Amino acid sequence: MTTPTLAPLTTADLAPLVPELVLIGGAFALLMLDLFVSQRNKIWTHLFSVAVLAVMLVLLATGRGGQGEIFHGMFVRDTAADVMKTVIVLVSGLSLVYGWTYLRERNLYQGEIPVLVLFATAGMMLLASAGSLLVVYLGLELLALCSYALVASNRDNGLATEAAMKYFVLGSLASGLLLYGMSLVYGATGTLSLSGIHESIEGTSERTLLLTGTIFMIAGVAFKLGAAPFHMWLPDVYQGAPAPIALFISSAPKLAAFGMAYRLLEVGMGPLSPQWHLLIGGLSALSLVVGNLMAIAQSNLKRMLAYSTVSHIGFLLMGMAGGGEEGYAAAMFYAVSYTIMSTASFGAIIALSRNGFEAENIDDFKGLSARNPWMAGLVLCIMASLAGIPPFLGFWTKLAVLGAAVKGDILWLALVGVICAVIGAYYYLRIIKVMYFDEPVGEPLPANNDRVLGTVLCVNALALLALGLAWSPIMVWCQRAFAGLA
């Protein structure tokens, strides 16, 4: 019997992988470049890393390489993947721009930080294009290992090392749950291909093992998203990590985790959706309640943002529970918008912080309107959008997922969402209240003269208003990604 041979890959076959190849090549080039650049001239490695991501953004925006499947369906580049990758690359680049001055002033900027960001971005892009359980796990671990190292980058800070250790231990546990679920699914179907798993499930009536595997995979995905009750790592990591690292971890990886959830659950386990939709709905409700109630009690802004992340993930899961084209489009719309809002919120913390002072307590914002009216206005835009106040972008995202829940006949979940949205508005409006109605505390801080940081934050914050006034193109972009989804 002759052994079938595989046709050799050509350059044309690898075309859909062009953005990832450029990114990985840029990361290795940066690693080599850093060996020859002194600490005093690290600006060049910083600029190179930002340039790599800028090239990536152009490649994705122009559709270079085209869409398609390679490696026998293990890597899939479709419209959904391109939407997620474009936003992931944009936010990763913003995290580097926001973090340059902050990390340099505190002697925390080392050559490995932009390298880790680039490799983490590559992991997120793999998750967005995964067509196989193997690629899902590869992308997840690449992202996770880089994230652990980034959180621990401030080795002299006890909070940072403690947060990194907790993140590593709990992340390893979540990866184990995910891997165990994958092994059960593989044992039941005999294939690692997500499309093959989908077909296998449709052809079998014995689904006990498959459902068990799905539950374990959902637990792993919920941890990476930060959904309750798998959110224990979020507050410590957000508080302990340097603000630019917290910015990075709070934004792009959430969109990548949504991509992983879509690939695993809808593309792979789609025939079991009546069962896992119930579980996703339960996680959504729990995340909304726990996240909002815990956020109210916080006095540390970074911890408040961590718990509010849990509630935002609850809204994202609400869209997924609604299912279908409208549900997933609404969930992606929420994920894309949240990454932009989260980037701006941590950007404001970075802009108000100085060497020796971290603007991470709510009291630090007291009287900000008197000290810095322009910055107070930007923070107002950010908090109003996070609270879901019209006409800011956050209002339309909440409206979209609530509409998807109603259309999916999950009225109870939509009701929970409305109640929690009202509760959630309280702690965001509290920030606005202390800025405009409370007296300043302590000596006024010196002005931040970083024009690049100020300009980026200004554009980022005002974009929340501009996109709120013209949100339709983003929603259409997301709907196009899931066109035809049943």
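Glycine too: its Cβ is placed from the backbone N, Cα and C atoms.
Note: TrEMBL annotation is automatic and uncurated.
Feature annotations, reproduced from TrEMBL:
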TRANSMEM  14-36  transmembrane segment
TRANSMEM  43-63  transmembrane segment
TRANSMEM  83-103  transmembrane segment
TRANSMEM  115-140  transmembrane segment
DOMAIN    130-423  domain 'NADH:quinone oxidoreductase/Mrp antiporter transmembrane'
TRANSMEM  167-188  transmembrane segment
TRANSMEM  209-233  transmembrane segment
TRANSMEM  277-298  transmembrane segment
TRANSMEM  304-321  transmembrane segment
TRANSMEM  333-354  transmembrane segment
TRANSMEM  374-397  transmembrane segment
TRANSMEM  409-429  transmembrane segment
TRANSMEM  452-471  transmembrane segment
**Range from 115-140, 167-188, 209-233, 277-298, 374-397 with the greatest count of C-beta pairs under 8 A to the transmembrane segment (333-354)** = 374-397
**Prompt:** Looking only at residues six or more beyond either end of the transmembrane segment (167-188), which have a C-beta under 8 A from one in the stretch?
**Reply:** 133, 136-137, 140-141, 144, 147-148, 151, 197, 200, 204, 209-210, 212-221, 223-224, 230, 232-233, 236-237, 268-269
**Long-range Cβ neighbours of the transmembrane segment (277-298) (under 8 Å; 6 or more residues past either end)** = 215, 218, 222, 227-229, 231, 265, 304, 307-315, 317-318, 320-321, 323, 362, 410, 413, 416-417, 420, 423-424, 426-427
**Request:** With pairs restricted to those 6 or more apart in sequence, evaluate whether the transmembrane segment (43-63) and the transmembrane segment (115-140) have 3+ C-beta pairs under 8 Å.
**Result:** yes
**Prompt:** Excluding the flanking five residues on each side, which residues at least 6 beyond the ends of the transmembrane segment (374-397) place their CB within less than 8 Å of a CB in that stretch?
**Reply:** 308, 312, 315, 330, 333-334, 337-338, 340-341, 344-345, 348, 351-352, 365, 368, 421, 424-425, 428-429, 431-432, 435-436, 457-458, 461-465, 467-469, 471, 475
**Asked** Among the recorded stretches 14-36, 83-103, 115-140, 209-233, 409-429, which has the greatest number of Cβ pairs closer than 8 Å to the transmembrane segment (452-471)?
**Response** 83-103
